[in-house]
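**Student:** Below is one structure. I have some questions about it.
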Amino acid sequence: MDNTVTNDSDESKLSKEEKLKKRREQLALWRQKKEQDSKNGEKEMNSNATTSSDDKQKLRQQRMEEWKKKRAQETKIDSKESVKESPKQENSILKRLASSIKKQELPFTKKRILFDEEEEDESKRKPKFKKPTLDGHTEDLQHREDDPNGKIDELDDFIASLSKQESSSNDIPSQIIEDEQLEVENEGDSEDEEIDQDKKQQELLSSKFQKLQNEKQLETIDHSTMNYSDFRKNFYQEPSEIQNWTAEQVESIRLELDGIKVAGSNVPRPVLKWSHLGLPASYMNIIEDKLEYKAPTSIQSQALPAIMSGRDIIGVAKTGSGKTLSFVLPMLRHIQDQPDLKDGEGPIGLILSPTRELAVQIHKEITNFTKRLGMTACCCYGGSPIESQIAELKKGAQILVGTPGRIIELLAANSGRITNLRRVTYVVLDEADRMFDLGFEPQVTKISSQIRPESQTVLFSATFPRKIELLAKRLLYNPLEIIVGGISVVASEITQKVELFEKGESSQLEDEKFDRLLNILNVFSIESKHSKVLIFVEKQSAADDLLVKLLGSNHPCLTIHGGKDQIDRKYAIKEFSSKDSGVDILIATSIAARGLDVKGLDLVINYDPPNHMEDYVHRVGRTGRAGMKGTAITFVSSDQERSVTDLVRAMTMSKIPEDEIPSRLIEIRNQFLEKVKAGKFKYSFGFGGKGLEKLQQIRDSTRSLQKKEYGPNDDDDVNFVADKTNGTAKKDGATSLPASEVAVDLPDFQVIEGRAPETSGPDKSKFHSRITINDLPQRARWFVVNRDSLSKIIESTSTSITNKGQYYAPNVKVPQTVTVNGKESPAPPRLYLLVEGLTEQSVREANSLIRDKMIEGLEVASKESNMAPTGKYKV
């Protein structure tokens, strides 16, 4: 009996050991299987990672479509069930589920079924939490039935739980996978949408920029293919009285007429009477009766016969000498000889002016004749509504007076349907030196390319430096040069005075100047009532400051400068010109030194001295016009040696005796010239440095390019050869740079990973972008780089935005190297914005905001260029 008990116990021990061994083997197999599955999963992930981006995108799209279809089907089923379901149907479902479980466990399983049914959606939404299932419960019941003792082995229970975890991990709800796929798809779609949005914004920016560029682009005209009609240039028949003059008589007459100097071949002899010109009676009535001009002035005596003979001329004469009438009379005779304008044809006479005020002055002079002669003239300039100008041109204007910028806008508007220059045969450039000095050379060249080559071109100015003379000869064919009274000479009718202030503190010097100005104004107002005073200053801010001071001293006055709107400038000139306005003082920058002709202007005060002598001549030339007397007073300090030298030179050239010039001025002049000889200073005069070539680096690069192309010849030995095919003059052997070399850089918004090399220090960011803004219009650039715009973008995107590079004019090629302090270094690139950020997303957001600002700025620039026309015609 005892042996049987021991045998049974040994067998039970053996069976337990076998069971344990068997379970351990099962556990090892399970672990091996799990490791193998994990390796297979890693391989699948690696294979998926190596797939191309295109395959991923296609797979995403397919999955997205499948998910959408399945989602749509589920929503339909859910909607149907929500409508049709009832408590009876719910009970029948529960009964069917309950029937699959044994009867003794029905009460328990019903509860579990109900619990599982209620939490089904939650299990889908929260897959991390393990939920009990009916399958696991039935397995537990089977284990209990297999065990005869009804006991549950701990190891069996552990292995069963592991198998359940494995099965649950393999059986992840499909809804969770689909949700993950949907998230990936949504991320991909959002990236695609962002790329599409950036692409659309870039296309919009490009189109607006191109549209703004095209507004000022003129079509290239091949004049050799155009069928131009012939026209007459020569309207002058020399009277027999003049034909009988000998050469000595002609020279003496020219000497009497303020020393006229002429250069060129076959120069006509000067005239002394209006009748010598052979003008029609209608012209003579206006000249002698209405305008009361008794005889031609010096410039008119020589220029009128030369222009009426059909010659191109360069006329240089002092201010107020009647240059305007010298080109107006031949132009009217020229137009009257040609057929009337037809619909769609442009003007016959074209007059270009560097400033708006001068254009208005010329137009006013022309209207004295056009009203009686049945002609029409149109004045076009920027800063005023364009619709009225378009309306006048549409009606047909035989004479067009304007500034180069606005004329180009009108020519380019509506693809050239507003007006054209095919009928133009007479061209005038008034104040031509200032035209080139202000950087209008590209615009003038553009306009001249639209005009037939054999047209007659006339240039007039009060000064004509050698540099500008060479540029002007490109536009003329075999021109005559007529110089009256010398170049850059103040008229003898003007009394020149200088107020010298010794060097001191700036505030003290300013107080002394203002006190002296008040004394002069008080004395002048007593001696010359209702006379006008024009005060010149150097800067716009100085004009506004002086206005406040004079108003505080009970001196009514107005200001005019480039920073004011056109309507304000026009109002200021109108009030100043009126006798009864009560405003007898006008403060201005050098913008009023050209074309301002006000009757009763007896005093000009240079509160700040001009920076060169030519500007001085034009400033003081606003008084003493048409033979009247005038006074010019210039304020200068002893440390302004260059200005003092110019003043002494101007007075000397005006034939003022040296003993009448203050000795202190001559002393300062001599000291300065000694410094120039010693090489301490460089003394130059004339216009220059305010136009397109104002940057030293650009001047150096231009000079080096010219040396390579033209050779090291001196400017004085340059020979000009007329090119009859295009009406321009070229240097021997000159070759022009192709236009393609000067390209317009559109802004690029590419984000680059890594630190920008142009920044330094520990704060370098991980992503950066360079946005070129050099070639944007000035208004658009200001819109982007102004402090408010950049600060908002920096705050909202947490990026760093810095201005880099240097501004280059659109037609200027960036040099490779520049000379700084005698050393050559790489030239700075075109102006751009450097955007830096810690993340790629922040840089992209900043780029997007900058792009929006650019688009907004281009829209504003386009509106301002057209002045928002509201009339019948629009650009």
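Each Cβ is built from the backbone N, Cα and C atoms, and glycine gets one as well.
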**Student:** When you get a sec, could you say which of 272-301, 302-331, 572-601 is annotated motif 'Q motif' by Swiss-Prot?
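**Tutor:** Of 272-301, 302-331, 572-601, Swiss-Prot gives motif 'Q motif' for 272-301.
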**Student:** So which range, 194-197, 346-349, 362-365, 430-433, gets flagged motif 'DEAD box' in Swiss-Prot?
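**Tutor:** Residues 430-433 are the ones Swiss-Prot records as motif 'DEAD box'.
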**Student:** Is it possible to get the count of other C-beta atoms within 10 angstroms of the C-beta of Ala317 (ATP binding site)?
**Tutor:** 30
**Student:** Counting by DSSP secondary structure, give me helix, strand and coil numbers for the motif 'Q motif' (272-301).
**Tutor:** 18 helix, 0 strand, 12 coil
**Student:** Under a criterion of Cβ-Cβ distance under 8 Å and sequence separation of at least 6, what residues of the same chain contact Thr324 (ATP binding site)?
**Tutor:** Gln361, Ile362, Glu365, Asp430
**Student:** For the motif 'DEAD box' (430-433), what are the DSSP-based totals of helix, strand and coil residues?
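**Tutor:** So the motif 'DEAD box' (430-433) is made up of 2 helix, 1 strand, 1 coil.
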**Student:** Given the binding-site residues Lys318, Lys323, which one has the fewest other C-beta atoms within 10 angstroms of its C-beta?
**Tutor:** Lys323
